[in-house]
């Protein structure tokens, strides 16, 4: 029976059918690695969705940055509205890991800020994987970082049934063991409250509903689900499965074993420091670890508890830590891992372990942490790439690694469903590049189209932006200090024609879907390096491939080897696309989706609230608007539209002060 119900208004087209067939066949033949080489705008995401539906396995889709993860999450939610599409990225808004700088004798404490919504989504992902098979998880590099033991997590899980005998007091203690905190004042995610024989539990992995358990003596008489906002009953249940409030929750038996294991390791390490006559490190480690043990014994947690993860999971020293892969593979279940933009993602995954190990080794050496802290780490690249699952690498420009691993299991997706061609390209002398590009920009702007310009340095981007602004052009630039929300706002403004030219350095590559852009200019294209490598050039040139008038200008003094390879690949693809269009009588046409749909503009409620004279508004009317805005705010947060959610939150706060 099919696990996944793929919904789409259009069938596969262009090169999609043959790519789907070839890759699905390779996966069904149990090949470990396969690669999809798909050009920009060829519908790689839709191909991925079809492959998931055909292979009928839970899937993990990994990408190298949060912006692309959010984009993929939105698209897969639309493709699979009746399945469990989950989101798993870092839950930190801000994170400063603990570290020690010996030459300055400076210890930097860990400092972090956890995003409540992202934490909920992470818990939702792990609980879905433990309870269902029709799950697709969109994840960042966070999927490679350590988590609790999924089998221990299942042990802590509770199935609650109507009619079963349970001591009321023991039930409350069990909730505490599962990581839930009692709070009679602020009832929110991960908490419970008890009034008389009625216990309300707000699951940590759900912000829309809470569960009410009603006792009669020591018997569960009734289970109901309530809407968290409206406080009205939604449905009654015969039983409910309640998962722990944390992925690191463990039972009392495992907790006691962990404490004993930490004590044993501490004794060995203190003996080592004493033998080495390192009394400063001896006293430092003794004081810090004993304090942590006191906290763990009393509350089950301590600050920096992740550094003791090996003791709680039961792993041996240097053994591969538990991570999201273990939740996907629970009960020896088969699953598929899709690595999107693999040419960037795989090198990023490969560099994670070394940086983490370097920092923690210093902490261990100077007595700030036990050696077991080194086992709280991301996966090594070999551990990741040899996981017991199937891999599909997806990229317009795969590296040698992906192609070598996949051998003959490589599918090309060069023909776009829209008939659009890879852009024309032209090399021009870089001596007068600023003036020459200015003349080209005027022609593009006259056609009501947009321009992307990529430079090598931030200074050049700023100066170019300044020059063109002085010459009367509407221009802005993006740099690395701009956060994801502001970045999306700038891209939205470009599409809405609030300005015509966007200048950047390394921000104009993967994941930018801008059909309005018909001209991409690459300044100093002959300066060999990461930003002007074959892969970077092809990716950047691809930004002009969503417009029928797509054109790329490369300013250079010479044609480098990277440029030559990029030109050969682009020319090959364009020739193949032109031949296909000629045979099938297709005329390339720019496909522009409705901006309102694409950009998710959700201003209606705020406009209504602002238009009303709030100080004259009847209290009942004001409460009604607050309720509507609150509901919309939660929807926005659930859909990861945090910018709109924050605006709605601020508007609600203003209304409540009246």
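Each residue, glycine too, has its Cβ placed from N, Cα and C.
Reduced to three states, the DSSP call for residue 44 (ATP binding site) is helix. The ATP binding site annotation in Swiss-Prot covers 38, 39, 40, 41, 42, 43, 44, 45.
Residues annotated as domain 'Helicase ATP-binding' in Swiss-Prot, with sequence analysis given as evidence: 25-178.
Residues or ranges marked as domain 'Helicase C-terminal' in Swiss-Prot: 433-607.
The annotation domain 'UVR' is assigned in Swiss-Prot to 623-658.
Under the heading motif 'Beta-hairpin', Swiss-Prot lists 91-114. For the motif 'Beta-hairpin' (91-114), the residues of the chain that approach it from at least six positions outside its boundaries are 122, 303-304, 359, 362-363, 366, 368, judged by C-beta separation under 8 angstroms.
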What are the other residues, in sequence order, whose C-beta lies within 8 angstroms of the center of the C-beta atoms of 38, 39, 40, 41, 42, 43, 44, 45 at the ATP site?
-> 47, 396, 413, 416
Under a criterion of Cβ-Cβ distance under 8 Å and sequence separation of at least 6, what residues of the same chain contact residue 44 (ATP binding site)?
-> 36, 38, 340, 394, 413
Relative to the Cβ position of residue 41 (ATP binding site), how many further Cβ atoms are located within 10 Å?
-> 22
Tell me, what is the mean pLDDT of the domain 'Helicase ATP-binding' (25-178)?
-> 92
Cβ contacts of residue 45 (ATP binding site) (under 8 Å, same chain, 6 or more positions away) = 72, 75, 76
Mind giving me a neighbour count for residue 42 (ATP binding site)? Other Cβ atoms within 10 Å of its Cβ, every protein chain shown.
-> 28
